[in-house]
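K.L.:
Below is the structure I would like to discuss, written out as structure tokens.
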Amino acid sequence: MSRELTASTFKAAVIDAGHPVLVSFYADGCGPCRMQAPMLETLEARFRGTATIFKVNAEHSPELASLFGVRSVPTMLLFAGGKIAGRFAGLTNSHDLITAMLASLDDC
């Protein structure tokens, strides 16, 4: 299960990471977010040891959502080398995420 991030833990876990990090912005009452959760667990298992997946509750951490221009959930941001390497808004298929995550491995 993906770990939860807050404003106080974000920089160390994401920006300073030496590997790709996928951050999923979600909200508790979001149906599409719940639908996407199993796919994120599958990705987490597939990329264990090479990339990390975190969650941010956009309602509980609005400062992070605002900082990264997240206006709707689910939104996923892929970070590589401390910078945004990909942005996925709405339900996203696993193929697109896998392709982006594999490409980001070269950027770290």
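We count from 1, first residue shown onward.
Backbone N, Cα and C atoms are what each Cβ position is placed from, and that goes for glycine too.
Copied straight from TrEMBL:
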type: DISULFID; residues: Cys30-Cys33; note: disulfide bond
type: DOMAIN; residues: 1-107; note: domain 'Thioredoxin'
K.L.:
Kindly report the helix/strand/coil residue split of the domain 'Thioredoxin' (1-107) according to DSSP, in that order.
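P.N.:
Helix/strand/coil tally for the domain 'Thioredoxin' (1-107): 45 helix, 27 strand, 35 coil.
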K.L.:
Long-range neighbours only, meaning 6 or more apart in sequence with Cβ under 8 Å: which ones does Cys33 (disulfide bond) have?
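P.N.:
Residues satisfying the criterion: Ser24, Tyr26, Ala27, Val73, Pro74.
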K.L.:
Using a Cβ cut-off under 8 Å and a sequence separation of 6 or more, which residues in the same chain sit near Cys30 (disulfide bond)?
P.N.:
Val73, Pro74
K.L.:
Within the domain 'Thioredoxin' (1-107), what mean pLDDT does the predicted structure show?
P.N.:
95
